[in-house]
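J.: One structure follows; several queries about it will come next.
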Amino acid sequence: MRKNLMVQLTLLASVLKWASYASAVGVLVGCGTAAFLRSLDWASGQYARFPDYYLLLPVTLVASTLLVRWLAPEATGHGTEKVIEAVHQRMGRIPLMVVPVKLAATVITLAGGGSAGKEGPCAQIGAGLASGFASLLRLNDIDRRKIVICGISAGFATVFGTPIAGALFGVEVLVLGQVFYDVLFPSFVAGIVGFHVATLLGVNYPHLAVTIFPKVTGWNFAEMIMLGVWCGLIALMFIEVMQWGHRMFARLSWHPVAKALFGGGLLVLVGRFVSLRYLGLGLDSMESGLNGAVLPMGSAFMKMITTSITLACGGSGGVVTPIFFIGTAAGNLFAVLLHEPLVATYSAIGMAALLAGAANTPIAASVMAMELFGAAIAPHAAIACMVSFLIVGYRSIYPSQILGIEKSGSLKVETGKPMSEFNPEKLESVAVSLPGFILKGVKVIRRRSFEKKRK
């Protein structure tokens, strides 16, 4: 009896300890995210005073590149990838200087018209503040790692106004197919506290309510599977385009300033001769699609191109907001091709499904869809998200993500390594799949018929 009591008291002490730590992290990240979002709104307003503000993109990207290069090289690229790398390789140690540099560089990039997202900086800001908090308390490496994961979760929760999905994303994105249950409770606490702190500091979260959802019928079930396959293929295309952009700029033996000028010039051409909708965050186009308007057919591809150029040439930002744009456009186009009247509904489901595939986070994406659009979307989003997650296979928009499971028993892969080290040529197929079973049966029939002829 006494031993059982000690066990419960120890667990209670652990709950109180992590509730306290996570609450403190939530307050810090809520303040940091609010500062970032308020700064972004102010800077965007200043740029918007000039009708052709995007013409300054070459200068804007040069400023972002030099700021990161001189003050905090760790803040290069999209923030979530750097945070995942820090968690896996450095037990969550992130220089505190990353926080102000990432904030300033991303505000400059996005306000000036660069195509990127705002979640990566918030994840990196949250992780940086959490790492600094851990250093202040002189925590050991294991506790530091947990605290930093809480910071990631709080960053996602506060930037999109989805505290539950944000917490889940932070613990699901690190390892493909595995959730860190020991960090789940403090991540929820940090996400919820951070969300409320940001709200108190004046951050508004305009959630769109898609009110019409089809009944779950046999045909609708099939459509969700098809939409999941469609979004999975689009997610694969986005991953390829992002890698292509980084390879292209890496091959240029130019000074980083020259690369930024070149990338900015390409984006200016897109804004001048294609459309401004593919620059910046693209929130207006997303809102139109989620309200039922039909988007141009090439919207998803053009957003991939502008995002790849922005981040490859030296711009700072995340990739989840572009993923939302591309997913909305993909679902929108799917509805148009199938002559579906519920364009807004399929746009919303596509947004969640593309996130599930590109980031390998089907649970967080499904919950996020419910937080953003209401519980009625749950069965539709869950099916599309899981199918998209499976179709993408062993690819990820985050190369530092660890491969934790096999997505299919028909394909043997080596787990425990970063996705960047995955080699498709070493993939071993096992004849337990339906096609493999059929081929094996055909071989048996042929062998027996051949033996009969010999007799």
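For all residues, glycine too, the Cβ spot is worked out from N, Cα and C.
What TrEMBL shows for this protein is this:
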- 53-72: transmembrane segment (TRANSMEM)
- 147-171: transmembrane segment (TRANSMEM)
- 183-203: transmembrane segment (TRANSMEM)
- 224-245: transmembrane segment (TRANSMEM)
- 257-279: transmembrane segment (TRANSMEM)
- 300-326: transmembrane segment (TRANSMEM)
- 346-365: transmembrane segment (TRANSMEM)
- 372-394: transmembrane segment (TRANSMEM)
J.: Might you confirm whether the transmembrane segment (300-326) is in contact with the transmembrane segment (53-72), defined here as three or more C-beta pairs under 8 A between residues 6 or more apart in sequence?
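T.: Yes, since the transmembrane segment (53-72) and the transmembrane segment (300-326) share at least 3 Cβ pairs closer than 8 Å, they count as touching.
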J.: Are the transmembrane segment (224-245) and the transmembrane segment (372-394) close enough that 3 or more Cβ pairs fall under 8 Å, when only pairs 6 or more apart in sequence count?
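T.: Stretch pair touches.
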J.: What stretch, picked from 183-203, 224-245, 257-279, 300-326, has the most CB pairs under 8 A with the transmembrane segment (346-365)?
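T.: Comparing 183-203, 224-245, 257-279, 300-326 against the transmembrane segment (346-365), the winner is 224-245.
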J.: Excluding the flanking five residues on each side, which residues at least 6 beyond the ends of the transmembrane segment (147-171) place their CB within less than 8 Å of a CB in that stretch?
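T.: Distal contacts: 21-22, 25-26, 28-30, 33-34, 37, 80, 83, 86-87, 92, 94, 118-119, 122-131, 133-134, 139, 179-181, 183-184, 186-195, 197-199, 203, 205, 207, 320, 359, 361, 363-365, 367-368, 371-372.
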J.: At a C-beta cut-off of under 8 Å, are there same-chain residues at least 6 beyond the transmembrane segment (257-279) that contact it? List them, or none.
T.: 54-55, 57-62, 64-66, 113-115, 249, 285, 296, 299, 302-303, 305-306, 309-310, 312-315
